[in-house]
Every structure is written in C-alpha cells, then in structure tokens.
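Listed in TrEMBL:
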type	residues	note
TRANSMEM	15-32	transmembrane segment
TRANSMEM	44-63	transmembrane segment
TRANSMEM	69-91	transmembrane segment
TRANSMEM	103-122	transmembrane segment
TRANSMEM	134-152	transmembrane segment
C-alpha cells in the first residue's frame, strides 16, 4: 500500500505501555529542557548519543530514500546550529545549568509526535513512514546541531578556545 489511506483505528494493546513510556519521557525532556538541566559537556554528548540511538532504532529507510535522509539531516544540523544558540546558562547553588531554545524544543516535540502518530495510525503506509522518517532525521540533525551550538556557546561564555 503506497498511499496514506485511512488511518488504522485500532491501536494494539501491546503498544499502550510503549506509548505511555514515550509520552512520559517526552514530557520529562520537555520540562527539563524548558526549566533547565545541570550542564556538563558529557551530559550534552550522552543526551545527543541517546537521541541518535533512538533514531537509529526506529528509522525505516530503504536505500532509495538515503539521499533524502542525508539532506534532511544536514538541514536539521544547520537549523540546530542556528537555533541552538538560543540556549541560556545560569548558576544555581554554584552549579551550572542550561535552558534549551524553545524553538528547538517545539520542533523536537512535534517531530517525535509526528513519528509516533505515523507508526500508530499508518503502520503500513510507505508514504507516511517516509515522511515521518524524513522529519525524524531532520529532528535528529537539529539535536546534533543544537548540542554543538550549546557546547560552543558555553565555551564562548567561559572564554575557552573552540577546539578543546
């Protein structure tokens, strides 16, 4: 089935715990991103690696879609570098905290919800899955670019050279 077609109206009960876990995780990440998280370069790197690993577990790309995914990844990376500069830093009880860009958080949230909805509502539609793969690829690039921008901004604020 190559078109989008009618949405599947029945979500298998086995998906409900997974959906619940994903919703809780998305809400937690959104809250931490908007209200601040403790900062360290290793936390940023580990968080980014986790997002990339999650992306790799759900992407369903055929060989013909790889060039499109590369373009989406690069576009997301550029957007992440631009909008990731909206990060803010603060000291709380002597510890460094950072707050993510609201633009990045909004795009990230919409991208993950779109992917989840495509998987649940149109599990057999190649068009819906490709569209959600492209979106998720761009979001992954966005997260990578944002991480690079956050680390660069932190180094700038501390007067550190960029190549450390």
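In case you wondered, yes, glycine gets a Cβ from its N, Cα and C as well.
Ranked by Cβ pairs under 8 Å to the transmembrane segment (134-152), the stretches 15-32, 44-63, 69-91, 103-122 are led by 69-91. The list of residues near the transmembrane segment (44-63) in space but at least 6 beyond its ends in sequence, with Cβ under 8 angstroms from a Cβ of it, reads 69, 115, 119, 129-130, 133, 136-137, 139-140, 143-144, 147, 150-151.
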